[in-house]
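As recorded in TrEMBL, the features of this protein are as follows:
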TRANSMEM  6-25  transmembrane segment
TRANSMEM  59-81  transmembrane segment
TRANSMEM  115-132  transmembrane segment
TRANSMEM  144-164  transmembrane segment
TRANSMEM  204-222  transmembrane segment
TRANSMEM  229-249  transmembrane segment
TRANSMEM  269-287  transmembrane segment
TRANSMEM  299-318  transmembrane segment
TRANSMEM  382-407  transmembrane segment
Amino acid sequence: EVDWFSLASILFLLMFAPLIVYYFIMSCDQYQCSLIDPLTDLLTGNKHLSDIWNKTPMLTYRAAAIYTLWVAFQVLLYVFVPDFCHKFIPGYVGGVQEGAVTPAGVVNKYEINGLQAWIITHLLWFANAYYFHWFSPTIIFDNWIPLLWCANILGYAVSTFAMIKGYLFPTNAKDCKFTGNFFYDYMMGIEFNPRIGKWFDFKLFFNGRPGIVAWTLINLSYAAKQQELYGQVTNSMILVNVLQGIYVLDYFWNEAWYLKTIDICHDHFGWYLGWGDCVWLPYLYTLQGLYLVYHPVRLCTANAVGILILGLIGYYIFRMTNHQKDLFRRTNGNCKIWGKKPEYIECSYMSVDGTKYYSKLMTSGFWGWARHFNYTGDLMGSLAYCLACGFEHILPYFYIVYMTILLTHRCLRDEHRCFSKYGKDWKRYTAAVPYRLVPGIF
Ligand code: NDP
């Protein structure tokens, strides 16, 4: 059943999300990252929409070639280069790994080679920047709007293809979800784990690459642009590069673990993931770096250190909370959390074929403080990126606003799902751990 609120939200996002991305990027390109000035110009009649549009760079052959090469290169690394990192990096889990059990009871296998793809891509980037000079390190910044059109084309193409595939040739028909509402199905997806062949998994590929591999390259390109424009890279730009770099590396270091997170093991693949990974993520998660090209903020040492500490504490909480749940689930509770045996609630649920499964919900460690303390850490880190940009404009703060909405909505969505799954056992859990994000407040 698709309720009216969900349908209205979906229609809103389908219509406005591409415009929001365009508005942010255009306001940097034409208005020095002011979000107010374009509106003022339009409302006062100083400019017409056509004036803004006419100044917007269009799709170019160069951008199309760069983007095609980029995506093709990531496909090549994903499909044709089996992971070798796990063979020599101690503690890294890569190579062939199993995902979670799907609602239809399927366990998919994945080739986890994202860290390797990230390393190869970045080695090539640095080799080019310092040695080969095939292209300028500012190439991404210099083609940013033409590349936006390419990313949109891919985002819409892959979401539309996924929908058609869901109807005509699904990878696993039993894991498809049809609500009967076209817009909902297009946005939230029909197929659970669409694949081409044995290994090309849409969710794993689009979730991590090309978007997340590109994230650090985009930031490097912004840093290179600062260097070109001002003869130096500011400490704020370095902070954003370092803190977001840690977040990206963490993603690839834990790619096998991400197979058990909501995006991969609960969401179906539609426009939300397809377009979101191609356009929303690379364009809006990197707004701080883009802003700093136009406003090269120089932070005093105390502020820079304060922001670094906030970012690192946020990252620590994010990582440790995720680690505690992972360890707890992997060992089925036979582990130590903060030096003690973990406390938990036993629970059970049924899959669609009527099989009964048992699970455990931990109530100690960070999971005893709040039900989503990993999100709290994530939000602290996100705030740190924004603070690095100073207080002159609101544009760089979009990220923390967006992440707060995303993660709060995710809390509610996840809890709704967990309640449907575990029923009264979930109620016992929420009674034992009453807060969601901030103990004593929410
Ligand atoms: P979680 O890793 O928190 O996973 C939620 C699931 O964990 C629940 O559905 C339930 O699954 C299980 N669970 C819940 N409570 C407990 C408990 N007490 N003990 C054991 N298991 C429990 O959520 P996500 O997958 O959303 O997030 C993973 C990470 O990714 C987070 O740190 C988040 O911040 C980050 N993230 C970042 C995003 C970004 O855009 N930057 C976007 C999304 C996520 P089950 O059915 O198995 O019981």
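The backbone N, Cα and C atoms fix where each Cβ goes, glycine too.
Of the candidate ranges 59-81, 204-222, 299-318, 382-407, 299-318 contributes the most Cβ pairs within a distance under 8 Å of the transmembrane segment (229-249). 204-222 is the stretch from 6-25, 204-222, 299-318, 382-407 with the greatest number of Cβ pairs below 8 Å to the transmembrane segment (59-81). Counting only same-chain residues 6+ beyond the ends of the transmembrane segment (6-25), those with a CB under 8 A from a CB of the stretch are 35, 38, 144-145, 148, 152, 181, 183-184, 186-188, 271, 275, 279-280, 283-284, 287, 290, 395, 398. The stretch in closest packing with the transmembrane segment (204-222), judged by the count of Cβ pairs under 8 Å and taken from 144-164, 269-287, 382-407, is 269-287.
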